[in-house]
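Right, one structure below, let's go through it.
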Amino acid sequence: MKALQRSKFSNLWNARRRNLSSVADATLHLSDDEEPNDNGESKNSIILPYLHWAVQECAKQRNAMTGKSMHTQIIKYGYEADILTTNMLINMYAKCGIVDFARKVFDEMPQRTLVSWNTLMGSYIQNRDEDEALRLFVRMQREGSQVSGFTVSGVVCACAAKFAVLESKQLHAFAIKVSVESNVFVSTALLDVYAKCGLMKDAFRVFDSMNERNEVTWSSMVAGYVQNELYEEAITFFHRLQKFGIVHNQFTLSSVISACAAMAALLEGNETHAIVWKTGFGANVYVASSLVDLYARCGSVDEAYIVFSNAEVKNDVIWNSMISGLARNARSLEAMTLFEKMQLAGFYPNEWTYVSVLSACSHMGLVDKGRIYFDKMKKEHNLSPNVYHYSCMVDILGRKGLVEEAKDLIENMPFAATASMWGSVLASCRVYGNVEVAEIAAKHLFELEPNNAGNHVLLSNIYASKRRWGDVASTRKLLKDSEAKKERGKSWIQIKDKIHTFMVGERNHPSIIEVYSRLNELLVGMEKLGYKGETEHDLHDVEVSRKHELLRHHSEKLAFTYGLMCLPSTAPIRIMKNLRICGDCHSFMKFASKLTRREIIVRDVNRFHHFTNGSCSCGEFW
């Protein structure tokens, strides 16, 4: 008998060295005989370690079928009431994604430990059933079970997924009550949930009170600032992280690069790129995607393409980032070519890919091509156009002067129209002088954006272009009587590590006197080349001389002049603007690039304009 037992257990050990299915086979052949061995031990007690090992292997390999077989053996040998064994079963089913089976084992347990509760709660969170995880936590409290830092951090993560602010604050109070708030995992989970709920001050208070921090804690703070569009704070916090000597990870680097991209902070972006290569994260596809987006948003599309080309692994995110970057930088044909290459490489375009190629069509006025892509996404890739795709089509039609068709598309689409759609139509009406459609678009915009004064001003400008001064006066009066506020145009430029912002008619900048003096000198030289202020772009009912004065002090001209004064002669002058660049400033930049022989890059609210030697990348279509 002893030899038989040794042979059977030897089979189990050999199976452990081979594959999991043979473990199941070896176990299935074990007899359920309870005959004791020479030491008085039953075969059941000897087989238990092997069953534990087999269940753990099933959990590691996510092998649900063999795991169920092991569960059968556990019942067969009478171990279904053993706490350690049932905890292993709950973990195995949870890892295999069979939460219902895990819950059944849990519910049938005569006695539960903290591990039992935590494992099942973790399985619900892992499978995105946060409501059930919270209900289980409440039941746990009612039954008087003890809790740990792991328990609290897990349930806080469930609140983060649901953006449950009230519950998160209650859990914070609970953590203090049971003295686990100092646990690094609890604190990190709390600051993460506050960040996701937009409460960055609360997140920072948690961070600041922590006695122990890890790289995940620091990374969560940087990501939280970026998620809440606090980009300057994210970059500042990253610098603090560096001073403390915290090890960088790909999540932190990706987040801070995204912050640099949003601010078009090329200098900080370049510095972070250097850290990426130094730390060896250049091969990470998400870091590479962030770098592509950074350079594209800063107008350095060639650098973006170098990063994209050098990426060892490509996914749909980096393809989409590159296609979007090309479209945004007026390289529409290259964007469409890359769209085709993406498919040849075996990647399927998704909704965001089509947003990018439709935007590329919009920037070049390719109506027919836009219609082809719009139909292709439905017929070839089974993608239903969403509100963003319809918005692109409205923009394509409007920019080409087909404002009536754009209006009809909005009125017949299966979605409620957004403010950006009607805003695109109104802007197109300004270019093409369609007063009738402009009045319809403006009416919708007044309802959708009652506090946006820009819509009133744009309609007023359309009336002014037609010399309908009475309608201009009534529109201005309507604006004055409303609570709407007009966003003031501003432009900014980065010199070294500082952002310099200019408003139209700027008076507060410390170097403004020198800026105005240098601008006047530039205008004299540009007028010799043929530049004339395009006063039709200033629609105030004033004398032409006054219009010239208003135009010459637009914010982007001031920002350009300051850049010319401060930047090296070989450096491009990069200007960011919160509104659309006007026609006169566009003409100014063309002449300025020719006179100064400088590359000028202007990013307005819609797109990039690359000015070189008197011409613009937009081809006069924007």
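Cβ atoms here come from the backbone N, Cα and C positions, even for glycine.
DSSP assignment over the repeat 'PPR' (82-112) gives 22 helix, 0 strand, 9 coil. The repeat 'PPR' annotation in TrEMBL covers 82-112 (among others).
The repeat 'PPR' (113-147) scores a mean pLDDT of 78 in the predicted structure. Under the heading repeat 'PPR', TrEMBL lists 113-147 (among others).
Below 8 angstroms of C-beta separation, residues 149-150, 152-154, 156-157, 159-160, 163-165, 168, 171-172, 175, 220-221, 223-225, 227-228, 230, 233 of the same chain, each at least six residues beyond the ends of the repeat 'PPR' (183-213), sit close to that stretch. Positions annotated as repeat 'PPR' by TrEMBL: 183-213 (among others).
Long-range neighbours of the repeat 'PPR' (214-248) within the same chain, counting only residues 6 or more positions beyond its ends whose Cβ lies under 8 Å from a Cβ of the stretch, are 184, 187-188, 191-192, 194-196, 198, 200, 203-204, 207, 255-256, 258-260, 262-263, 265, 268, 272, 275, 279, 281. Taken from TrEMBL, the feature repeat 'PPR' covers 214-248 (among others).
In the repeat 'PPR' (315-349), helix, strand and coil residues by DSSP number 26 helix, 0 strand, 9 coil. Residues or ranges marked as repeat 'PPR' in TrEMBL: 315-349 (among others).
Per TrEMBL, domain 'DYW' is recorded for 530-622.
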Outside the repeat 'PPR' (82-112), at least 6 residues beyond either end, the same-chain residues with a Cβ under 8 Å of its Cβ set are 48, 51-52, 55-56, 58-60, 62-64, 67-68, 70-71, 74, 119-120, 122-124, 126-127, 129, 145
Across the repeat 'PPR' (113-147), what are the DSSP residue counts per state (helix, strand, coil)? 26 helix, 0 strand, 9 coil
How do the residues of the repeat 'PPR' (183-213) split into helix, strand and coil according to DSSP? 23 helix, 0 strand, 8 coil
Is it possible to list how many residues within the repeat 'PPR' (214-248) are helical, extended or coil according to DSSP? 26 helix, 0 strand, 9 coil
